[in-house]
Each structure stands twice: as structure tokens, then as C-alpha cells.
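Taken from TrEMBL as is:
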- E113, D223: divalent metal cation 1 binding site (BINDING)
- H150, H175: divalent metal cation 2 binding site (BINDING)
Amino acid sequence: MKLIDIGLNLTDPMFRGDYRGKKVHEDDLEYVLKRALDAGVERMLITGGSLSESKEALELARSRDYLYSTVGCHPTRCSEFEDTSISASPEVYYEELSKIALNDQNKVVAIGECGLDYDRLQFCDKETQLKYFEKQFQLAETTKLPMFLHNRNTDGDFAKMIRENRGRFTQGVVHSFTGTSDEAKELLDLDLFIGINGCSLKTEENLSVVASIPIERMMIETDAPWCDIRPTHASYKYIKDKPELLFESKKKERFELGLMVKSRNEPCTLRQVLEVIAGVHSRDVQEVAEIVYRNTCRVFWPGTGTGN
Ligand SMILES: *[C@@H]1O[C@H](CO)[C@@H](O)[C@H](O)[C@H]1NC(C)=O
Ligand SMILES: *[C@@H]1O[C@H](CO)[C@@H](O)[C@H](O)[C@H]1NC(C)=O
Ligand SMILES: [Zn+2]
């Protein structure tokens, strides 16, 4: 079974043993990647959420042939555009992003993550978010790359922005979807794909929304180190290989090299997301995997032959 994780934050210090600035265990990134490959994850897309993170994501992507990256600025980081301690002006910030995006066309496969997040306005106000979300359509337009999108609790503003700018980009995926069926339908009508991870599958309501989304319009992600599927989630009953059986894990304080760390999600759990989707759609896991794989290649690796 071939799987592609379209969203993981591999630049997160947790994968180096660093938790909120505190070194808890040794760097085990190599083991994280090996577990993912062993679990059938054949490509991984590292999300860049700011200028510096996009640089770092690309650097990491270049170190392994199966890693790729996005370039963009997350809505909660949008004030960076105007932060003169980072760049001289918003135009300079934009130009820097653009340079990274055009730097390695084999490795940078999307613009993002960008979008709107009204759950976390304390990091960046609405007006600033809207301004620089808009700006990133320009980035997609000039680079001709698809978009990796983020949307949280925006009461129609996100869909409105997409509608107004839909002609400026080719394809896009709204990752970590947690909205209603009506919201999903709205995005599908805008010809976007929907990215599903453990956070999209927490409640029974979430599951019935996922059941309403055609598999032909879905992609899968882990959003690691976040969004792990837990025994308390509605999704858990659909997992065939329960996580604790799949790979042994220890609490970070009792870290052992070669084992997973409890509640730090990893790309090796991607198959669980797939099993839940197959479960709620009453479809064969292998069949769902093939459809999702094809969707993903068509958007992020068009013209490579893998999309057929
Ligand atoms: C990745 O993780 C770091 C550390 O938690 C965080 O600062 C950053 O915003 C995350 N990036 C994305 C794209 O979520
Ligand atoms: C789905 O779950 C998330 C939590 O991950 C929650 O915030 C959201 O409201 C849920 N969506 C629906 C439609 O129930
Ligand atoms: Zn996101």
C-alpha cells in the first residue's frame, strides 16, 4: 500500500527531542522517518508556516529523496510580513518567500500553508490575516503551484476569499478539515480537495461529515506532531491495528531510541487515518488508498506519470 502524508510539521523541534525549549531526549528524526517508510509512507510533504520555517522545510526536503515541502505563511504568523526585525518591508518578505518557492521546483510542491484562522486571533488580527492571505494567491499565481490551505472558524470569509481568487491558482487542498458537511460541500463546489487527519475524525459528527465527502476529493495527512488519534476519539473503533500494537511507545521522559513517544504524532500513523475513512465509507482500505494516492499525485506531482 502506497501512502503520501500531505501535511506534517517535520521542522517541529519535538522531532529533535526538544519540547517547548527544553531538551528532553536525543534527536530521533532518523527513526521517525524510518518508521514512516516501514509503514508504507512513500512521500511526505513538510509544511512551511513562515519565511524561516519554509527555508528550513526546503532544506530538510532536500536531504531525502522522499521529502517535499511547501512555502508560505500561516495565518497565525501573518504579522511577520510587517515585522521589520524580520524583513525591511512586506514586499521584501514576499520576495523572499517567492525566491524559496522558485528555488527548487522538484522539492517545493505547494504554496502554503496559508489561509485564515479566527480561533487564534491573539497571534494575528483578522485584517492582517486577510491582507496576507490575499497576497499569497499572487505567489500561487506566479509560481503556478497548487495551494495548501488552512481554515478555522472563519464564518464564510475563507470561502469568500477563495471564490474571489479561484481563477488565480490551479489546484488546492484545505488541510485538517473540521467543518460541517455544508462547509465541505462549499469547498468541493470551489473545486478544492479536502485533507483529513486525526483532528478531522474526533467526534461522531466529524465522522458523518467525512462520510459525506467523496473519496475522489480527499487527501490524507497526519499533521504530526499534532492530531494523533486517541482511544477517546470516535474514530478509534475503526482502526484495525491499534496504535499501541503498531509501534511501541514510551512517555518522553522514559524515551528509548527506536520507540515512538506517547502523544507525539508521527507520519507512521498515516494508515490509521485511511482505515477510519475506509470504515466510515464502508470501502476497502486498499481501494481507498489507491484513490487518495492518485488524487495527491495529480495535484502535487502533475506530469510525472504517477497521477494516472
Ligand atoms: C510547526 O511547529 C512549530 C513548533 O511547534 C510551530 O512554531 C510552527 O508554527 C508549526 N508550523 C506549522 C506550519 O504548523
Ligand atoms: C469536529 O471536531 C473538531 C475537533 O477536532 C471540532 O472543533 C468541530 O466542531 C467538529 N466538527 C463538527 C462538524 O462536528
Ligand atoms: Zn493548518
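Numbers run from 1 along the shown chain.
Glycine residues also receive a Cβ, built from the backbone N, Cα and C atoms like all the rest.
Just so you know, TrEMBL annotations never went through curation; they're auto-generated.
The local packing around H150 (divalent metal cation 2 binding site), expressed as other Cβ atoms within 10 Å of its Cβ over all shown chains, amounts to 24. Between the listed binding-site residues, namely E113, D223, the fewest other CB atoms within 10 angstroms of a CB are found at D223. Around H175 (divalent metal cation 2 binding site), the same-chain residues at least 6 positions away in sequence with a Cβ under 8 Å from its Cβ are I6, G7, G112, E113, F148, L149, H150, G195, N197, M219, E221, D223. Proximity to ligand 3 at the level of Cβ atoms, with a cut-off under 6 angstroms, picks out E113, H150 from the binding-site residues E113, H150, D223.
A strand conformation is recorded for E113 (divalent metal cation 1 binding site) in the three-state DSSP classification. In the three-state DSSP assignment, the secondary structure recorded for H150 (divalent metal cation 2 binding site) is strand.
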